[in-house]
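Asks: Could you have a look at this structure, given as structure tokens, before my questions?
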Amino acid sequence: MPKRKNAESNFSIDTTIPTLGNAKIPSPISFCRFEDDEKGLSVFLDREFLEELGDEEPIPIRFESAGPRRHLFFDTSKTKCAIVTCGGLCPGINDVIRAIVMEAYHNYNVAGVMGIRYGLEGFIPKYGHEIVELTPDSVSNIHQFGGTVLGSSRGPQNPEDIVDALERMNVNCLFMIGGDGTMKAVKSIVAEITKRNLKIAVIGIPKTIDNDISFIPQSFGFETAVDKATEAISCAHTEAQGAMNGIGLVKLMGRESGFIAAQSTFSIKEVNFVLIPETRFELDGENGLLPALADRLKRRKHAVIVVAEGAGQHLMSTNKATDISGNPVLGDFTTLLKDRIKEYLSNVGMPYTLKYIDPSYIIRSVPANANDRIYCGLLGQSAVHAAMAGKTSMVVSKLMDRYVHIPLDLVTRKRRTLNIHSDYWRAVLESTGQSALRGMVPDNYCEL
Ligand code: ATP
Ligand code: MG
């Protein structure tokens, strides 16, 4: 396995997937080409990945291919699976649930698939959530709906209690669909399973509408979210054009990473200013947003501003509050921005109208589009193949159009953020015409 020690972060890239033991049982699947653990996807991690790792030179790295194995760890007809969904909603969760159930039943003939209700709470008896039996019949239509049929929740639960529940239910394979927090929960559950020397496979299916999980270049639901976000931007543009000095302000998801804001801005080409958490823009001063906005209104009589949820936190007083899962509670930057626009434009004597659109809950809850459905289907199938072969403590992901296994440690290390040194961000800024704003590009951008 390629390994490389990183002097600064002491990080070595090890892509070995942990297993529960030897896979000796012939697979019941008889019609397919099997994948081999030795085969895989070899890539050179480029600068975008390397920045996450704090390294400088390209690193060759090989990821194990996802897909069915000729030999399995589990005797599948005696194997019980469970699925849990945690964190916020994202288009495609039901597609993943459906794919896991269909694959497990139809191709592996498993003994049963249980649905855990309302996230990690569903494991804990005191909450009284019933366990649901998931069958091909019960899941056949769920992909037509957004959200998660299992329900979700935030908030920590004791890994010991969760593993107690897995033992009580005789679960052999647990599939956990969720974001960064859920992947950390997978880690703690795997640690407890290992401590008890149990043979339970735990596979993560990374879900993040913000697209912010390391090593996952594009997470499922992201494309649908961008589609939906562009509709909101288009409406904001129409509203802005419909009034003298009309301003359309759209808030999109992106707590620490501005991917949805950037991608939908780049797609719709009507946005004049896009503010993301990764940039330390200013509101005032020669290169600040407010004078640039006034200038834009003077010239074109309308403007569209897209703000990612976590943008502008550097301009607000620090808030140390966290939600029940430990995520920081963000300051309300769009309210500050609206107030500052009002103040600035009144001071320069410029009448305006502002229409504010926050489509977040609509975007999160729509059903997945066609491409995301394909993606979710393959993730669900790949997760089942991996679990049956006895692989654990890993996630399934699409990387460069291939489906691969990624060790949990790699994806939980650091949150993925938009690289503002990238050609991509430069192109987004070019499409808005805002590259003159201070903070949108790093000071030494041209030397990089
Ligand atoms: P989203 O993309 O919506 O943020 P998420 O998976 O990050 O999804 P969280 O609410 O942060 O959502 O976490 C999901 C579950 O994982 C919660 O029940 C949370 O308590 C648990 N969790 C979060 N961090 C950890 C951790 N470090 N160890 C164990 N469990 C955790
Ligand atoms: Mg999260």
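Just so you know, glycine gets a Cβ as well, placed from its N, Cα and C.
Unlike curated records, TrEMBL annotations are generated automatically.
Straight out of TrEMBL:
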type: DOMAIN; residues: 80-386; note: domain 'Phosphofructokinase'
type: BINDING; residues: Gly88, Arg154, Gly155, Gly179, Asp180, Gly181, Thr182; note: ATP binding site
type: BINDING; residues: Asp180; note: Mg(2+) binding site
type: SITE; residues: Gly181; note: site 'Important for substrate specificity'
type: BINDING; residues: Thr208, Ile209, Asp210, Met253, Gly254, Arg255, Glu309, Tyr361, Ile362, Ile363, Arg364; note: substrate binding site
type: ACT_SITE; residues: Asp210; note: active site, proton acceptor
Asks: What is the nearest of the binding-site residues Gly88, Gly155, Gly179, Gly181, Thr182 to Thr208 (substrate binding site), using the Cα of each?
Replies: Gly179
Asks: Sort the binding-site residues Gly254, Glu309, Ile362 by C-alpha distance from Gly179 (ATP binding site) and give me just the closest.
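Replies: Comparing Cα positions, the candidate nearest Gly179 (ATP binding site) turns out to be Gly254.
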Asks: List, in sequence order, the residues of the same chain other than Gly88, Arg154, Gly155, Gly179, Asp180, Gly181, Thr182 whose Cβ lies within 8 Å of the centroid of the Cβ atoms of the recorded ATP site.
Replies: Cys86, Gly87, Gly178, Ala185, Ser325, Asn327
Asks: To the nearest whole angstrom, state the Cα distance for the pair Arg154 (ATP binding site) and Ile362 (substrate binding site).
Replies: 20
Asks: Output, ordered by sequence, the same-chain residues six or more apart from Gly181 (ATP binding site) with a CB under 8 Å from its CB, or 'none'.
Replies: Cys86, Gly87, Arg154, Ser325, Gly326, Asn327
Asks: If the criterion is a C-beta within less than 6 angstroms of any ligand 2 atom, which of the binding-site residues Gly179, Gly181, Asp210, Ile362, Arg364 pass it? List them in sequence order.
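Replies: The binding-site residues passing the 6 Å Cβ test are Gly179, Gly181.
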Asks: Take the Cβ of Ile362 (substrate binding site) and count every other Cβ within 10 Å, whichever protein chain it belongs to.
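Replies: I get 14 for this one.
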Asks: Fewest other Cβ atoms within 10 Å: which of the binding-site residues Gly88, Gly155, Gly179, Gly254 wins that one? Let me know.
Replies: Gly155
Asks: Those binding-site residues, Gly179, Gly181, Thr208, Ile362, Arg364: which ones have a Cβ sitting under 6 Å from ligand 1?
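Replies: The qualifying binding-site residues are Gly179, Gly181, Thr208.
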Asks: Nearest of the binding-site residues to Ile362 (substrate binding site) by CA-CA distance, picking from Gly88, Gly155, Asp180, Thr182?
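Replies: Checking each of Gly88, Gly155, Asp180, Thr182 against Ile362 (substrate binding site), the shortest Cα distance is to Gly88.
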Asks: Give the number of CB atoms, excluding that of Asp210 (substrate binding site) itself, located within 10 Å of its CB.
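Replies: Looking across every protein chain shown, the total is 29.
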Asks: What's the CA to CA span in angstrom from Thr182 (ATP binding site) over to Gly254 (substrate binding site)?
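Replies: The Cα atom of Thr182 (ATP binding site) is 17 Å away from the Cα atom of Gly254 (substrate binding site).
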Asks: With Glu309 (substrate binding site) as the reference Cα, tell me which of the binding-site residues Gly88, Gly155, Asp180 is the closest one.
Replies: Gly88
